[in-house]
């Protein structure tokens, strides 16, 4: 079998790559049965690629003309239509029924779901537009129900980043006091090769700040759930959301009005709004029918951030942004009282200027003290090591079960995962995150702390789930295929090439690319979904990964949340086909994934969003650290290798937790720089 990269060579023609469809049909059923049972032949039994009924005009071909790697998908459709038509015309029964139109589909017989799965990628753009207009998804129009009219004020500090000692210094000084409670940091800690450019950070802010915490009421589809909203003063409101959290988030965003001129000149997409995570369990609000168990952490948790700091890593610029609600801050004659957000802008500017003045004495990086809090070595604290949920033998049995499902035709690819946990009493979560971002810098890293939930998330994800920018362009960047870095430059390059040309990893990546093309096709303009980068190898500090990029233009009548619901959870964490794969994984995995495999990021008030895939992440909750890891199982998978790949992905996060476990955190020493600079 040719690998994709070999089949991509221009001198491979349709005839010698795909062969003639006439040669694919098995006309002798006894030959088929003999082949199916004969496993002793030197070359093994041929893979079944086509079948024809011996007496009836029934035919089947095992091809994927819709795949992005299929160069001649349209020709395959035409050839199959031609052959079936010619054979049908030779049958007296079909002749009497005037079958000259065989191969043409009556529109009345096609529903929209069938159409989306049938239409080939390389059909003519005009044809796809015509079909989509007739059968596209029915989308209920949404109307603003009133609410907020947000106004944005911002200020830019040119080339200020290096003068302040970097983004870690800025976060620690502005938001690191009180153990960084109720703070966020969407952290582009790896900006190599322009993978990411901006970081966003903030804490408990002004009058618009609130925290939204959601728990599913049960683990079935359309179950709804319980929402708790807490404002900056600690006041809480609880309610039951019959439509679920994503429906609530959609209505919240639709209720916001704004003026586009407010953010003219800003080079980034997040200008304030919702920051937090969507847990894997919210798949029941998308395509999944159920969850295997209830998560101990909230199924979704977000802040509404009205004040934030933005860092441009390319130019070294620092931005301060503040939102206020014109409806609530204006009196009857139209004059607005902007004291709250004006005060935050002024105070934060003063802190930045003092940091600049103190720069020679201000060096947090590399110190063993975070904000003045003391850490000492101890051999008696947190000595317990990580406990993996599944033993090696159990995990390998699960991999074998996945292979059985794949060979039975239940799935093409299954992303099997497991969890490892460890008690972490007396651990400083922010220090852990700062260590993690140094040892495993990543473009979609994140820190989140929700003090009311005793929850901190330390994420070093290299993978984007989905982004929607101001030009209505959706982008997904799935990772499938991972290998460790080498110890020497020569070994490292050898391993990189090994990943690049691995048939198994190419298969993993290709199937998820096609899955995401299908997901984006549900919400994008017909003909706009494309793959600008297929199976590129990206190198990080500890691993090489195989990454593809899929883009499309969002339909104008759909909301940002509609786009997320069409693609969540990320296909790289489920497998393909997605719905059946999730069902199988729920039957194999004994505990809920929780935050792992979900998404962290933002939904900006002006209807853009950017979400990662939660991998390479430590979740600290109620005195316990948990880390999820796994890998995609395909027909070529080796169970032992899959187990080793799972351990490789968890290696750096577990190492950082173990290192931090050797230190005793003393919160009583509180001579923090926050106090000095306030």
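Note that Cβ sites are derived from N, Cα and C of the backbone, with glycine treated the same way.
Among the features that TrEMBL reports, domain 'Glutamine amidotransferase' is placed at 44-80. Here the domain 'Glutamine amidotransferase' (44-80) returns a mean pLDDT of 76 for the predicted model.
With helix defined as DSSP H, G or I and strand as E or B, the domain 'Anthranilate synthase component I N-terminal' (178-320) counts 26 helix, 55 strand, 62 coil. Annotation comment: TrEMBL describes 178-320 as domain 'Anthranilate synthase component I N-terminal'.
TrEMBL lists 392-649 with the feature domain 'Chorismate-utilising enzyme C-terminal'.
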*asked:* Per DSSP, what is the helix/strand/coil residue tally across the domain 'Glutamine amidotransferase' (44-80)?
replied: 8 helix, 6 strand, 23 coil
